[in-house]
């Protein structure tokens, strides 16, 4: 049908980590609770705000976006995509769980070898990495 729909439930403090959908724009409607949500445009400018029950935010296709429950109670969103296969790429897992060479990550993020290993373990627990 060319579209898809998702429900996401967030405990207080829970997040949907930075990610993007390569094949779809997303519209998220807050059904319950309060979420800090936003996206980063191609000039690295963040557009974010706290969304209350009943409010909506659009996340443009291919742009990194995120959500975090900033309320005291669980939050729920309904998301709609203009593709039946929007795809999803989580940034932390893509960077630290993908097998990119450690020396490149050290230079790109200004982290030590030990810190890179720690990040790899955090985002790819199956990885066997050496400092």
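Backbone N, Cα and C define each Cβ position, glycine as well.
In TrEMBL, annotation is done automatically, which means it is predicted and not curated.
As written in TrEMBL, here are the features:
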DOMAIN    1-117  domain 'Cupin type-1'
BINDING   16, 21, 26  oxalate binding site
BINDING   19, 21, 26, 65  Mn(2+) binding site
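Neighbouring residues of the recorded oxalate site, listed in sequence order and excluding 16, 21, 26, comprise 19, 20, 28, 59, 65, 79, 81, 86, 88 (Cβ within 8 Å of the Cβ centroid).
Within 8 A of the CB centroid of the Mn(2+) site residues 19, 21, 26, 65, the other residues of that chain are 20, 39, 59, 63, 64, 86, 88. If you draw a 10 Å sphere around the CB of residue 26 (oxalate binding site), it holds 24 other CB atoms from the protein chains shown. Fewest other C-beta atoms within 10 angstroms, among the binding-site residues 19, 21, 65, are seen around 19. Across the fold, the C-alpha of residue 19 (Mn(2+) binding site) and the C-alpha of residue 26 (oxalate binding site) stand 12 Å from each other.
Of all Cβ atoms in the shown protein chains, 19 besides its own fall within 10 Å of the Cβ of residue 16 (oxalate binding site). Across the structure, residue 16 (oxalate binding site) and residue 65 (Mn(2+) binding site) place their CA atoms 9 angstrom apart.
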